[in-house]
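The structure follows.
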Amino acid sequence: MPRGLELLIAQTILQGFDAQYGRFLEVTSGAQQRFEQADWHAVQQAMKSRIHLYDHHVGLVVEQLRCITDGKSTDANFLLRVKEHYTRLLPDYPRFEIAESFFNSVYCRLFDHRSLTPERLFIFSSQPERRFRTIPRPLAKDFFPDHGWEPLLMRILSDLPLRLPWLNKRRDIRYIIAYLAEALGEDALPRCHVQVANELFYRNKAAWLVGKLTTPDGTLPFLLPIHRTDEGELFVDTCLTTTAEASIVFGFARSYFMVYAPLPAALVEWLREILPGKTTAELYMAIGCQKHAKTESYREYLCYLAESDEKFIEAPGIRGMVMLVFTLPGFDRVFKIIKDKFAPQKEMSAAHVRACYQLVKEHDRVGRMADTQEFENFVLDKRQIDPALMALLRQEAPEKITDLGEQIVIRHLYIERRMVPLNIWLEQVEGQQLRDAIEEYGNAIRQLAAANIFPGDMLFKNFGVTRHGRVVFYDYDEICYMTEVNFRDIPPARYPEDELASEPWYSVSPGDVFPEEFRHWLCADPRIGPLFEEMHADLFRADYWRALQTRIKEGHVEDVYAYRRRQRFSVRYGAISSTVNSS
């Protein structure tokens, strides 16, 4: 290769990333207009298209590089020089951390995810940790209650960029003050102040005001979800001020926020104070930088591995028919491999399973489906693998395993947040905890269905319980759109003998689902059956599911709340409006 080509290649990669992030910001900046116009279908489409931008631009750069090199192979020294030139371009670059991830992605695409070494890739960042240059403009603005909390909140709400009128701004302010007085105490309020992010965080049908509430005892989140009525008038739906509530809002089972972030590292650092339980990977994920979040997730995994002498073991729970799942005992994530052969009753291909996982990545997860990171050629040291797990890997996925002597390479896997399997949780809890779990499970099913997702396999083992007690779906191999399912009532038996027969007395076609049958496996436990019948009996009726299908087909997009119904101001303090948007 001619000298000087290394710099050209480095510049081409960085220019490609510039183009990608420019389009990312462009799509993000349209969030305000989509919200103001209540164009909820455009919201969903923008979410999908923004996810695809990264891989699309990686592909464009790869094609450019193949033209530049004329398809000739490159030696190791040449590649090292390319990385050196690229590293020199980053010290004054505002998005250096994601630019490194983009470089990694281009390299992996060019070399089919092989030879992934620290010399060739940015396994860890080349720049000092959390390095910032001067920020062109502040990320947030401070508000002090010099003249009381009512004028303070009036300034905050009046400063918002939203161009819609308010339904009743003064009433919302009274609600916020009433809530803060309950949560903090009236005596503490005069000694508190608020810092509010300049940019709104858009997701689903809400525009979130995200801020920090500084109190005499420390800093708390200050979150206001702003909605619009059918008539296009704004209202604040609630106020959230605990780290647990904020963690759920920014949770791993939710869609990514649309927030304009030309300096994502600075925004992540600003958010860290009100989301102390979130890792760097989770914060980048929440603001839509999912590919860099994957880089950070891998770094977190490597750091944990370096400090641990644990061995990989099969994950607790009922063994899957499609996926082999393993973990490290103290690590908060699981590793999922698609088996080479599935159980006989699972009539599907590995390609179908991967398509299901991609569907979840692109769809609105409504806080009920766990996000995943996808990896290829994942290397594990044999000494860190429990012998029982190694035997299981060789038995269930030999075609996906390459033996390198002291290491193995897994051709493809997913990494996902670890949860307590719901079936195990239900065995361990009683009383109110059991009731809460069953309520959560039913709510998860309802919210998934309203978002046009049918889980397929609704067994408790396919759901997990988060550290906040939320029930989240995580087994996607039978997932499909609600609109693809034919929900049927079981026809009456022709004769008494029909109900005792081993085969049904009625025809069953592909796509047919009989909700009455759910009762057999969801209510078998005598502790659970009565609770289910009390709270979720409608899930056993085909007409309930058909009614949801009708709403979906008519174009309705349901509201998705990242908090309990009882926390809404309309429930806590009185009705807001009979015209709150649900279409």
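Using N, Cα and C of the backbone, Cβ positions are placed for all residues, glycine too.
Please treat TrEMBL annotations as automatic predictions, because they have not gone through curation.
Residues or ranges marked as domain 'Isocitrate dehydrogenase kinase/phosphatase (AceK) regulatory' in TrEMBL: 10-308. According to TrEMBL, the feature domain 'Isocitrate dehydrogenase kinase/phosphatase (AceK) kinase' maps to 310-564. Residues annotated as ATP binding site in TrEMBL: A315, P316, G317, I318, R319, G320, M321, K336. As annotated by TrEMBL, active site applies to D371.
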Inside 10 Å of the Cβ of G320 (ATP binding site), count up the other Cβ atoms and send me the figure.
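I get 21 for this one.
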Going by a 10 angstroms cut-off between Cβ atoms, which of the binding-site residues P316, G317 has the sparsest surroundings?
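Each of the binding-site residues P316, G317 was scored; lowest Cβ tally within 10 Å is P316.
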Which number gives the other C-beta atoms within 10 angstroms of the C-beta of M321 (ATP binding site), all protein chains shown included?
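Taking all protein chains shown, M321 (ATP binding site) has 14 Cβ neighbours within 10 Å.
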Whole-number Å only: compute the distance from the Cα of A315 (ATP binding site) to the Cα of D371 (active site).
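Distance (Cα to Cα, whole Å): 18 Å.
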With Cβ-Cβ distance below 8 Å and at least 6 positions apart along the chain, what are the contacts of I318 (ATP binding site)? List them in sequence order.
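Spatial neighbours, sequence-distant, of I318 (ATP binding site): P421, N423, K461.
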I need the most crowded of these binding-site residues: R319, K336. Count other C-beta atoms within 10 angstroms of each C-beta and give me the top one.
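When each Cβ's neighbours within 10 Å are tallied, K336 leads.
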Give the sequence-ordered list of residues that share a chain with the residue listed as 'active site', lie 6 or more positions from it, and have CB atoms under 8 Å from its CB.
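Listed in sequence order: F252, A253, M285, Q290, V360, K361, R365, E416, R417.
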